[in-house]
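Visitor: Once you've had a glance at the structure underneath, I'll fire off some questions.
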Amino acid sequence: MLRPGALRLRGLALRGSPRRPSSAGLREGQESPASPPEWKDRAETVIIGGGCVGVSLAYHLAKAGMRDVVLMEKSELTAGSTWHAAGLTTYFHPGINLKKIHYDSIKLYERLEEETGQVVGFHQPGSIRLATTPVRVDEFKYQMTRTNWHATEQYIIEPEKIHELFPLLNMNKILAGLYNPGDGHIDPYSLTMALAAGARKYGALLKYPAPVTSLKPRPDGTWDVETPQGSVRANRIVNAAGFWAREVGKMIGLDHPLIPVQHQYVVTSTIPEVKALKRELPVLRDLEGSYYLRQERDGLLFGPYESQEKMKLQASWVTHGVPPGFGKELFESDLDRISDHLEAAMEMIPVLKKADIINVVNGPITYSPDILPMVGPHQGVRNYWVATGFGYGIIHAGGVGKFLSDWILHGEPPFDLIELDPNRYGKWTTTQYTEAKARESYGFNNIVGYPKEERFAGRPTQRVSGLYKTLKSKCSMGFHAGWEQPHWFYKPGQDTQYRPSFRRTNWFEPVGSEYKQVMQRVGVIDLSPFGKFNIKGRDSTQLLDHLFANVIPKVGFTNISHMLTPRGRVYAELTVSQQSPGEFLLITGSGSELHDLRWIEEAAFRGGYDVEIQNITDEFGVLGVAGPYARRVLQKLTSEDLSDDAFKFLQTKSFNISDIPVTAIRISYTGELGWELYHRREDSATLYERIMSAGQEEGIGDFGTYALNALRLEKAFRAWGSEMNCDTNPLEAGLEYFVKLNKPADFIGKQALKQIKTEGLKRRLVCLTVATDDVDPEGNESIWYKGKVVGNTTSGSYSYSIQKSLAFAYVPVQLSEVGQQVEVELLGKNYPATIIQEPLVLTEPARARLQKDGKKTNLEKGPSRTTKL
């Protein structure tokens with residue numbers, strides 16, 4: 001056992017930095033005079049918060065040439081969570097884009113000491129994640145294929161290599177390790193001071209103590225930032241206030257979904273076996289034991305993540321606010337909470353049993369509901385940006401500072417990072433939900449990360465569709481931006497449990513039945529989570545012509561349109577319907593609702609357009625009806641003529657279905673004959689029941705989003721967030737049909753796209769068939785050719801029509817021809833894949849056109865690379 005001297009620390013309110021270098025006192029003494037006495041009454045950017053993230057942003061903005069960067073800290077730099085952090089740094093992240101953030105952070109930290117002259121205390125002994133179960137080995141294989149097409153070094157290593165790198169381990173249960181060279185740890189205090197020195201070197205002003213007391217927006221989009229020392233007029237503000245971020249948000253009426261969590265770690269005295277080592281131990285992560293462990297001088301530092309039942313939220317701070325003056329304080333330690341993890345660590349690293357504990361640190365870190373930070377501009381409040389919710393702020397700080405700086409300076413994100421968008425949360429994100437999800441996220445820190453993962457705490461939210469009660473007992477629901485939406489349906493006798501897997505699991509056969517339901521008969525899907533906006537006004541047409549690369553649809557018609565960034569990348573995909581002259585209905589995906597709305601609102605403000613923009617997402621439900629018998633079923637319920645001649649593809653009309661008012665758009669993401677029916681949310685259940693009743697003779701049935709994904713892939717329909725995002729341009733994504741470079745309007749990104757077209761493409765999106773066994777592509781897997789990684793998948797599914805896996809992938813142009821053979825890496829094995837002519841299955845409108853022209857309509861022979869709907 002750890003020696004009982006540790007227990008004497010229980011009940012003590014520990015004070016002071018647990019790891020501050022002996023020279024830190026001198027540096028800290030030099031810090032106050034370094035805070036300049038001058039005051040600026042104007043600033044380009046005011047950053048609120050002097051933790052590692054805020055100081056990093058100040059450094060990056062100033063270094064990039066922005067004048068008048070002002071950082072305001074309420075007490076002193078590093079106060080809050082930075083000063084007591086364990087300081088871990090890693091290239092690894094399961095999220096694709098966050099790997100770039102981690103990479104940028106580490107590369108900055110490697111050069112920062114030379115650049116600023118400040119010691120940062122950066123150690124890079126590498127890190128090892130331990131697999132002690134077969135499913136964990138599968139997870140490592142899954143993560144390898146998602147990493148191979150990145151710059152990050154990462155390897156699966158055998159037990160012998162693990163023992164060589166970390167000779168103090170008990171190897172009895174270890175099956176494999178995931179090894180990242182270059183990982184390690186850094187002193188958070190020294191890092192922040194180095195960033196501060198760099199920020200000042202490049203002209204930023206760092207003021208502290210300078211608590212912000214008031215934020216006042218002005219009509220021109222600027223802000224008055226008030227402090228006891230005076231007021232500053234700022235073109236933008238960035239809330240980087242850590243666990244004070246909620247208080248800052250409340251100054252302007254925002255309730256950020258953040259909550260402080262108590263996180264403990266233990267520091268031991270010198271351990272002879274550690275001291276005797278000739279090199280520093282790599283950072284260790286025992287995932288089943290749910291803890292990290294690293295060398296601290298000649299001892300060890302051990303940090304666990306307790307279960308959600310044992311962990312402790314600082315919920316009182318959400319209710320009553322952070323105690324005044326709290327800055328470099330800690331909570332009372334509680335070793336009982338982490339005793340199970342200590343025992344697991346002592347079994348894995350036996351030398352811990354005879355170690356003395358010299359310090360227990362229990363400090364606050366801030367969690368968002370999904371554990372990811374909130375980074376970017378906030379919808380509904382102009383020029384208000386956030387960089388908060390960092391559960392892992394030290395490794396995120398450098399990269400996020402660079403990311404935000406680039407976005408602020410260039411008007412668009414440097415790469416896609418939608419998972420950190422603060423606008424992924426909305427009014428549905430209550431305090432109760434935030435608490436439940438933060439507790440779950442903390443407790444799930446080290447669980448196996450499966451594809452199609454679902455987490456159930458805090459559900460359902462208040463944001464359920466009108467069909468939730470009707471459908472919940474017969475389907476597996478998925479969570480989408482607060483909504484519950486059916487993923488797949490089950491029938492009596494089928495396995496209904498949530499069984500995540502890296503291979504095909506219990507939903508595979510039911511989804512196949514739903515696929516056949518739509519292809520052979522008629523299916524109904526709840527699409528209520530769609531984001532829905534109404535735009536009208538004198539300048540509505542001009543605004544949309546400026547925003548979208550496609551032409552504006554005629555009255556009574558719909559088209560698919562894309563908003564591009566100034567650099568010609570795909571910011572969003574929406575359907576645009578002109579309901580009446582100058583009045584438009586815009587539809588986007590559930591996950592991009594406020595993301596897209598903010599972009600539209602900002603363009604309207606900047607251009608001075610006279611428009612009215614309404615978010616009607618929660619007011620309306622949507623039912624999708626699709627399949628060869630869709631028209632026959634719906635025609636029973638309305639006097640409106642639904643024939644091809646009367647109701648054309650992409651046409652929109654408003655009429656009644658069984659006395660229920662609907663706006664119907666003839667479009668379906670399945671690619672089959674279908675309509676989307678927009679209606680009052682309170683009418684959803686009645687409309688659904690009447691459609692299902694009318695379709696009994698046709699064998700009508702439900703289908704969910706898993707079947708929808710299989711259907712859209714066969715039709716070669718792209719998905720925003722997968723095939724297209726801020727990392728892609730529409731030409732390489734095969735979206736030429738929807739981009740009208742010859743239209744008169746100078747839409748955002750037009751000139752950049754012309755330049756891209758002139759220079760030629762370097763890569764292209766292709767469709768692949770993959771000869772697999774019991775595993776299917778999910779997206780972001782590596783594409784191999786002649787022993788080298790040449791690209792990546794973007795999404796995938798099983799094709800129930802040809803009984804093979806299907807995937808979209810980006811590959812070099814020279815490897816993009818139909819018939820080209822490549823390989824797709826899945827769970828550590830490379831499977832043969834072939835580029836096919838897309839679409840695999842023709843859409844219903846395309847089949848109808850060919851039939852009208854008297855041509856053969858082989859469902860599995862698409863005529864061209866680009867599918868015209």
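Including glycine, each Cβ sits where the backbone N, Cα and C put it.
Model, not experiment: these values are computed from the prediction.
According to Swiss-Prot:
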| type | residues | note |
| --- | --- | --- |
| BINDING | 52-53, 73-74, 80-88, V212, W244, 390-395 | FAD binding site |
| BINDING | E573, L574, T575, Y669, E676, L677, Y678, Y737 | (6S)-5,6,7,8-tetrahydrofolate binding site |
| MOD_RES | K107 | N6-acetyllysine |
| MOD_RES | K141 | N6-acetyllysine |
| MOD_RES | K141 | N6-succinyllysine |
| MOD_RES | K161 | N6-acetyllysine |
| MOD_RES | K216 | N6-acetyllysine |
| MOD_RES | K312 | N6-succinyllysine |
| MOD_RES | K328 | N6-acetyllysine |
| MOD_RES | K427 | N6-acetyllysine |
| MOD_RES | K469 | N6-succinyllysine |
| MOD_RES | K516 | N6-succinyllysine |
| MOD_RES | K757 | N6-acetyllysine |
| MOD_RES | K786 | N6-acetyllysine |
| REGION | 14-39 | region 'Disordered' |
| TRANSIT | 1-43 | transit peptide |
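Walk me through the surroundings of each of these features.
Guide: T82 (FAD binding site) has a Cβ environment of 28 other Cβ atoms inside 10 Å.
Under the three-state DSSP scheme, E676 ((6S)-5,6,7,8-tetrahydrofolate binding site) falls in the strand class. Using a 10 Å Cβ-Cβ cutoff, E676 ((6S)-5,6,7,8-tetrahydrofolate binding site) registers 25 neighbours.
Under DSSP, K107 (N6-acetyllysine) is assigned to a helix (H, G or I) in the three-state scheme.
Look at K141 (N6-acetyllysine): DSSP puts it in a helix. The local packing around K141 (N6-acetyllysine), expressed as other Cβ atoms within 10 Å of its Cβ over all shown chains, amounts to 20.
According to DSSP, K161 (N6-acetyllysine) is assigned to a helical segment. Around K161 (N6-acetyllysine), the C-beta neighbours below 8 angstroms that are at least 6 residues distant in the chain are G177, Y179.
Sequence-distant neighbours of K216 (N6-acetyllysine) (same chain, 6+ residues apart, CB-CB distance under 8 A): W223, D224, E226.
K312 (N6-succinyllysine) carries neither a helix nor a strand DSSP state and counts as coil. Neighbour list (K312 (N6-succinyllysine), Cβ cut-off 8 Å, at least 6 residues apart, same chain): V261, Q262, D334, R337.
The Cβ of K328 (N6-acetyllysine) has 16 neighbouring Cβ atoms from other residues within 10 Å, across all protein chains displayed.
Cβ neighbour count for K427 (N6-acetyllysine): 10 (other Cβ atoms within 10 Å of its Cβ, all protein chains included).
Around the Cβ of K469 (N6-succinyllysine), the same chain contributes A685, each under 8 angstroms and 6 or more positions distant in sequence.
According to DSSP, K516 (N6-succinyllysine) is assigned to a helical segment. All chains included, 16 other C-beta atoms sit within 10 angstroms of the C-beta of K516 (N6-succinyllysine).
Taking the Cβ of K757 (N6-acetyllysine) as centre and 10 Å as the limit, one finds 15 other Cβ atoms among all the protein chains shown.
Within the same chain, no residue at least six positions away from K786 (N6-acetyllysine) has a Cβ under 8 Å of its Cβ.
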Visitor: Count, for each of the recorded positions K74, K107, the other C-beta atoms lying within 10 angstroms of its own C-beta, and report the residue with the smallest count.
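Guide: Checked K74, K107; of these recorded positions, fewest Cβ neighbours within 10 Å: K107.
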Visitor: Suppose we draw a 10 Å sphere around the Cβ of Y678 ((6S)-5,6,7,8-tetrahydrofolate binding site). How many other Cβ atoms does it contain, all chains included?
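Guide: Its Cβ shell of radius 10 Å holds 24 other Cβ atoms.
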Visitor: C52, A85, L88, L574, L677: which of these binding-site residues has the highest Cβ count within 10 Å of its own Cβ?
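Guide: Top count of Cβ atoms within 10 Å goes to C52.
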Visitor: Once the DSSP letters are reduced so that anything not helix or strand counts as coil, what is K757 (N6-acetyllysine)?
Guide: helix
Visitor: Given the recorded positions K107, K516, L574, T575, Y678, find the one whose Cα is closest in space to the Cα of T82 (FAD binding site).
Guide: K107
Visitor: By CA-CA distance, flag whichever of A85, L88, F390, K516, K757 among the recorded positions is nearest to E676 ((6S)-5,6,7,8-tetrahydrofolate binding site).
Guide: K516
Visitor: Least buried of the binding-site residues F390, Y669, Y737, going by other Cβ atoms within 10 Å?
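Guide: Y737, out of the binding-site residues F390, Y669, Y737, has the fewest neighbouring Cβ atoms within 10 Å.
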Visitor: So how many other Cβ atoms are close to T575 ((6S)-5,6,7,8-tetrahydrofolate binding site), meaning within 10 Å of its Cβ?
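Guide: I get 20 for this one.
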Visitor: Roughly how many Å separate the Cα of K107 (N6-acetyllysine) from that of K757 (N6-acetyllysine), to the nearest whole number?
Guide: 33
Visitor: Enter the number of other CB atoms within 10 angstroms of the CB of E573 ((6S)-5,6,7,8-tetrahydrofolate binding site).
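Guide: Excluding its own Cβ, the number within 10 Å is 26.
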